[in-house]
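Q: Before I ask anything, let me first share the structure, which is written out below as structure tokens.
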């Protein structure tokens, strides 16, 4: 992979992670130069339906933003054809934010989850809370349990929920602090839908580690992450009720943390099976995102999940997602 960073970028690459990035992904996915240029990254704007957004929508449209449609979801997300980033809004206690800035591909796991009004939903690895907010923008579940065991990240999650959801939803949106690996045993079969947005070797942030020492530490973490991810996915499959679905997602390109984790866990759950997202999501949204089914792993991986690969002009992702239905 020819990896060059434009001089205008203010962030410095972490060489150990960069070397590993090149070695792992070159043969699998080809040229990923766009990930090495933060100046080329695009950002979406998700409006908050719980506050007045008419003025914001008009400003976005006047600046050339257009609506990114996620049928049948009702959430409003705007994207720009150029590399234009809308300004963020500061957290103000007691006052709701009008919009949330995000990588638009991060909405795809919520789309795959297919949350319906009145369902009980578990967001197993919820912080910082963007997907929880998207769930509440698109449906009215009877319960949304946002789980986060880490204290610092849980505070971040609580602040996000406070910034986007009215107090009237406090009884239906709760924050839990359980170890996600044990959640399925303590609350077995209680949820209609479970989202596992798992901790992963985030290819955007990890490429810009602060030091070579931190980069080396993150490469060590990469080695044990698939084991943690598999434990979380197993826990989710125990927490979901018969007939319910689990969506597993990451923001890494690593096949070891994506397809391989799903394949490994399914061997332990003969009562569960993956659902093909290619026809449902990849084909209808190919105008906006570049998808891969990782053909290097054979013909069956398309059924195990889909991967959003950042490309010039479509710098969304990385985002892997897989949906699994538990039948009994």
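All residue numbers here begin at 1 and follow the chain in the order shown.
From the backbone N, Cα and C atoms, a Cβ is placed for every residue, glycine too.
Annotations for this protein, taken from TrEMBL, read as follows:
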- 35-327: domain 'SAM-dependent MTase RsmB/NOP-type' (DOMAIN)
- 125, 126, 127, 128, 129, 130, 131, 148, 179, 197: S-adenosyl-L-methionine binding site (BINDING)
- 251: active site, nucleophile (ACT_SITE)
Q: Rounded to a whole number, how many Å is the Cα of residue 131 (S-adenosyl-L-methionine binding site) away from the Cα of residue 251 (active site, nucleophile)?
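A: It is 13 Å, counting Cα to Cα.
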Q: How big is the S-adenosyl-L-methionine site in terms of the longest C-alpha to C-alpha distance among 125, 126, 127, 128, 129, 130, 131, 148, 179, 197, in angstrom?
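A: Roughly 20 Å, rounded to the nearest whole number.
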Q: Starting from the Cβ of residue 127 (S-adenosyl-L-methionine binding site), draw a 10 Å sphere and report how many other Cβ atoms land inside it.
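A: Counting Cβ neighbours of residue 127 (S-adenosyl-L-methionine binding site) within 10 Å gives 23.
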Q: How big is the gap, in Å, between the Cα of residue 125 (S-adenosyl-L-methionine binding site) and that of residue 251 (active site, nucleophile), rounded to a whole number?
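A: It is 13 Å, counting Cα to Cα.
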Q: Could you tell me the mean pLDDT the prediction assigns to the domain 'SAM-dependent MTase RsmB/NOP-type' (35-327)?
A: 92
Q: Far apart in sequence but close in space: which same-chain residues, 6 or more away, have a Cβ under 8 Å from residue 129 (S-adenosyl-L-methionine binding site)?
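A: Residue 129 (S-adenosyl-L-methionine binding site) has long-range Cβ partners 146, 156, 157, 160, 161, 164.
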Q: Using Cα coordinates, what distance in whole Å links residue 127 (S-adenosyl-L-methionine binding site) and the residue listed as 'active site, nucleophile'?
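A: Rounded to the nearest whole number, the Cα-Cα distance is 14 Å.
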Q: Please compare the recorded positions 125, 131, 179, 251 by how many other CB atoms fall within 10 Å of each one's CB, and tell me which has the fewest.
A: 179
